[in-house]
Amino acid sequence: MDKEFKVLDKGFIRLVDYMGTDARIVQSARVSYGEGTKTVREDAALIDYLLRNKHTSPFEQVVFTFHVKLPIFVARQWIRHRTARLNEISGRYSILKAEFYVPAGKDIALQSSDNKQGRMNEAVPQDLQNEVITSLQKQQEEIYAGYSKLLDKNIARELARINLPLSTYTEWYWQIDLHNLFHFLRLRMDAHAQKEIRDYAEVMFEICKTVTPLACASFERHEKNGVNFSAEELEAIRNLIAGKDSGLKGKELERFNEKLKSGRQV
């Protein structure tokens, strides 16, 4: 606890505090019939049962508080998860630091040809990487210089800040229960999520494992590395087991085959 885990070029995640562990989950689940903690194996089986069957309230008994430093564009995706409590540094009260996210060269890629909100997997050539990085840094320096000039003229901080870029780093305290944290992690560790927020989610999951290893193991088995099948897809599986054609066609068949091949939700 209190250790900073580096994320991106200047960001971090730090576990400030937590309430409850795996033991709290099993104790709250068993309270209805008065039985306390049993063996680790029995506790693991109970936690696995609860997660598989979506009995969520015992997981809500465990609460984490994180201190996070992250670029504003990542924060704006993060804040879509409204089942948490947070306090963020204010640009109205504080002078924001000249700290901006600059992607590593290997992460600079062209727009995806088949995904309107994503990038291609391959990095652009080295010369273009250098050009993009130089351009980003120059723009960031120029904008921050303008911000500083406005502050020097005693312009209100709440106005001086408005041109600062989405790459500016912000900080917040973020508190969330384990059930809703698992929902956040399931979405933000997924391959469809933007790489930068995925980096934060993966570090957060590693921290979570140190507090609730049994719950995280079940989450990894059923949610992170599992997929859901529709009624039609289940029927297709039955057909394949029986040696028949799947019965699916077109996009439905493509999605079904991709699920089986990749082991992830599509």
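Note that Cβ sites are derived from N, Cα and C of the backbone, with glycine treated the same way.
In Swiss-Prot, the dUMP site is described by Q77, W78, I79, R80, E88, I89, S90, G91, R92, R188, and among R41, R161, R221 the residue recorded at this site is R161.
Swiss-Prot annotates R80, H81, R82, E88, D177, L178, H179, H183 as FAD-binding residues; of S57, S112, the candidate listed for that same site is S57.
Around E88 (FAD binding site), taking its Cβ as the centre, 14 other Cβ atoms fall within 10 Å, counting all chains. Across the motif 'ThyX motif' (80-90), DSSP assigns 0 helix, 4 strand, 7 coil.
Here the candidates are the binding-site residues S57, H81, E88, L178, and by Cα distance the one nearest R188 (dUMP binding site) turns out to be H81.
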